[in-house]
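Structure first, commentary second.
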């Protein structure tokens, strides 16, 4: 159905609203139809459905209107009508003005009412749009809303009738143009708008009456002007004294202008010219939305080429003898623009909009004579038409007032084939449509258009898609976390594609995900001299609106906010059940008298609930009213009252009375909707929900996992319309729908099976421009909407999830996090009361286990999963956080695989996982370091049998790995001499041994910023040390009480091993050390882990990998019991021996250099 029109026809979309109108079956009978209700319409459209097969094609229709009173007045653009009303009948708080108008020009004042101090109300046409301007005059008196300007409508200069209604009651204003209404609530000052008792229509009667307004009066007609029920035109016709009438007529005289519409690329208008004339003059007006198009082309007489007027990027250009010259820009704005072309002999002139600045004049080196024909808008497709330049695209738009040789072209004669030739034109109608009205671009997206379609610019909106409907940001920190993101600032869109805009929060990605929302006053604030008459009131403004906060809180599993109240002779509650002396206000704008750590409606502090107040007669510590500082501090955790928006303190006005408060940020944990799921156990089971309303735009997103080959995820039906998403085959998802244009389908085909019992993501969106479907990270599939088709999705049945209304092709499996237009459906709650469906769905590790890094193990939870980092050298929610420590000179960490001494702590069995009778055939060791100190010991591992492994830096800076696998043989020594590794740059080392095969990988980093950081002179740190499944550094830092770890020297945790976002020049750089090289300290201490390591940087420039074979195998030896002290002595002596031999190689030891 076209806007403001009635279509008489029968189609699938309208079958339930109208029936077909059957015609007569013979040549002389008449069929009458009387409509049940009267209909207001701008036009009628009749669509023939069928013809009588026995007769000839023909149709005659007569339409009879209803009784209608019409009072009309016409304005010539130089007159106005002034109405002065009775002040006694004047109601200052209520005004209703209604009228209809037909405009001949795109600009002009329709009505104006002026008051004192510059106050005025004005209704005026500006470029075909109607603007209501309310000016409160003196901005000093009304600074908050000095001017209100609302614009409605478009293309209102189309010489059709348009209706206007303005309703003003108190400070509520309703502004309606052609049934499009804008409601707004003006601020209080608008009620006192000081206006005169005079209203002018059609213009401003006295020049200079208002210097801020345009003086172009209205040119056109008014019909039925009513002011508070008074017929203004009737009063003017009867020459009443309160009416002043300018030069106007009580009729609507319309100039005979016949526009023509160029509909498609095959449209053109060919008009004959007089060949051989030495003077050519052509003028016309056009309007269009397209940036490109041919306006006029003609071949000159006895010349090889001709002249061309055309649009290029919204600019009029002329091409004659040379490339086109730009005349004016921005002419594809839908407004009428005039173009005139004149040529005489060798002189040409082109003017746009009668603007001297937008004109071109040139002399060319040839004589110009007119050709046989002029082609407007395009060229004929058939035949060899050499007179028309086809190198430019066709024009789509309207033209009027075409004149050739100062003689207007009669388009009715053209229509009757008396004059000229044409193709695919609409004559006597400008069919331009403003496709940006209403604006279907959502969330503030900018609308632009061409003749056939509109386009949305979604830049800086936070949304994407053809209509800026779908959010580009996640709805919660939980969703970001399970994309693998780490802690940081993120934009979240708490209502998805709903009206709320995204906002910035801090996501703390620990084992539990916390959303942190700050406010403007987080400091401890002291208060004095406050009483009931003069309270201290503080308001808290958050980084999000209250609506955004509410949506975030509703999503969260738990929210809390710490409120601390410090007091000295400053009471909170005074006495139980009495009038509170201090209170706070939350999101619901209600006064709350419970404090941190307490519960709503209790009117106590935390100590009152626990019975631990310093004075048992009171329920708050501060109510003891002592002359010393105490406090009532705790977390407020009742979600419906959060966040705190206001605190009021009234008891700090007595001698020596003082208080201080501190309100923490709003903290919210988890996301109730992200893991909300249901398991469908039978093909006939389903969940049902209320009807889904997504008439103009709809998006559906969810996760699913299944082993079934097909099934319907969801379905919602209307009388004819429907929407359905289904797994059509193991590798195919189909989104099907019908909005009245016939069933449509969008399909995504996966190269791998989707019924692999892993979670897969589906997002379907449908708007008036297109429908799209995306599955996981596969390319999105889209289907464009038909032009000028039906756009509203009208559903009226229940929404079925996991099945259909017919119970066919039901879904077997799990559906999770189902969202419709940003609103989450509570699958678990509905599943609890539905047979065949169970709440929740286990088995998340199969899909999300890859998020657990560095040896972390995925552990199932009811809602989601967690990463167990026990056997990893890393920590954090995904085992990605580096465990690093700063080592001072002489510091070491010793991890004992076997607790051999008798005074051992009662440690757990997993901490002593290596036993004396174990034989290691393989090791996997990783760590990173950075140092300038040589020689240095990085790692030393020894057994009870005088076997050991050591990793050291030699004095020359080469990395040396020493294996002594046979206590009766000298160690195997492997040296990497590619470069000095004691150059202050980051080195990452991986050592893997499989029996006699050794693999060494060294990753160098040559970041110059790292060198700058190193120049500050820290001693160093170790990071992410892993020996097989043992993480000694992590054990020493995080499990020192239970792990068999001995720490010597000063040992502090550092962030020097953080991978992402680390500032290598700031934290934990360590003090400058001017002592002797580290070797001296190592010789005097039995250091097992030590060295100089710093921040890990991603950039890997060089990888050195060495695979070598250890030729001397370890033999089988008898296992004699050895005392702990002897082993300790042998380990230390072996270490000292190695370090002393770094510069003198033994003749017997085996060395390998690379």
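Glycine is treated like the rest: Cβ placed from N, Cα and C.
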Which listed span TrEMBL calls transmembrane segment, if the choices are 1060-1085, 1086-1111: 1086-1111
Largest tally of Cβ atoms lying within 10 Å of a Cβ, found at which of the disulfide-bonded residues 814, 841: 841
Cβ pairs under 8 Å between the domain 'Fibrinogen C-terminal' (468-519) and the domain 'Laminin G' (676-841), at least three: yes
The domain 'EGF-like' (432-469) - residue tally per DSSP class, helix then strand then coil: 0 helix, 10 strand, 28 coil
Per-region confidence, the domain 'EGF-like' (432-469) (mean pLDDT, whole number): 92
DSSP residue counts for the domain 'EGF-like' (842-880), split into helix, strand and coil: 7 helix, 11 strand, 21 coil
